[in-house]
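Asks: Residues or ranges marked as active site, nucleophile by TrEMBL: 258. Residues or ranges marked as S-adenosyl-L-methionine binding site in TrEMBL: 130, 180, 230. The domain 'Methyltransferase' annotation in TrEMBL covers 154-217.
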């Protein structure tokens, strides 16, 4: 963890201790100040996102506390953090999107930028981007090596985030089609394609279980397809697996899992089991052929696993 992250956390703790509002540990026990997310890049830009439970406070009652937060980090002790961006999100849920509760830019620049594999990426507050940039380069380079893509291939990039995988593979394929739930991330991905002069990428917003089944039948069946998926710990929705399984044009699938021993295992069995009419899994089964661990989280028991499935 970068020292800068620890500094921001320490000053945020100091801020909470002097605030008249209590921290919110358990939602039902009250309190307001929740966790803070810190994002930094290789050149030192720092984005901090403070999450706040409004409980029964009105907007007029919350406003002075937002102003105090800005004052603390721009003119008070928190100035030492040299924040590039300070965001604030009111949320009564564990996690919510920008559409559910907008991220409010209280101070600074709306984005930070990162360099990865010779490409430049814009990152919004709500967008997913691997926190370990050097590790991410190893991960995406590994994906490129096992993809065996050629210039006639179409890459379907599911859970594409800000487009890192698709953009890094774009030179070796005919077209990239990315699917991502988070609208801000899709906007970032499209911007990143333009920023890097890449014109063969199309990024689509929506739930993968809705977008993918509609997309696959519309693609030219003569074009070879391959897919990459990089879901959360919860794995892929069953309808995504079913769409991939029933698309005869997809002969290779690269599954990147941050928790392969969890819900992802259900995805693996659905990809590889015999055809099952009851489950509407009609396509030929996939076979796992390559498994490569990439240590994205040093000094922890966690590891990203790149799995290649073929048929």
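Glycine residues also receive a Cβ, built from the backbone N, Cα and C atoms like all the rest.
Mind mapping these onto the model and telling me what they sit next to?
Replies: Sequence-distant contacts (6 or more apart, same chain, Cβ under 8 Å) of residue 258 (active site, nucleophile) comprise 232, 233, 296, 302, 304.
Spatially close to residue 180 (S-adenosyl-L-methionine binding site) yet at least six residues away along the chain are 159, 160, 161, 186, 189, 203, 204, 205, judged by Cβ distances under 8 angstroms.
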Asks: Write out the long-range same-chain contacts of residue 130 (S-adenosyl-L-methionine binding site), meaning residues 6 or more apart in sequence whose Cβ is under 8 Å from its Cβ.
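Replies: Same-chain residues close to residue 130 (S-adenosyl-L-methionine binding site) (Cβ under 8 Å, separated by 6 or more) are 136, 139, 164, 296.
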Asks: So if I draw a 10 Å sphere around the Cβ of residue 230 (S-adenosyl-L-methionine binding site), how many other Cβ atoms end up inside it?
Replies: 24
Asks: Within the domain 'Methyltransferase' (154-217), count helix residues (DSSP H, G, I), strand residues (E, B) and coil residues, in that order.
Replies: 32 helix, 16 strand, 16 coil
Asks: Roughly how wide, in whole Å, is the group 130, 180, 230 that binds S-adenosyl-L-methionine, by largest Cα to Cα distance?
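Replies: Binding-site diameter by Cα atoms for S-adenosyl-L-methionine: 15 Å.
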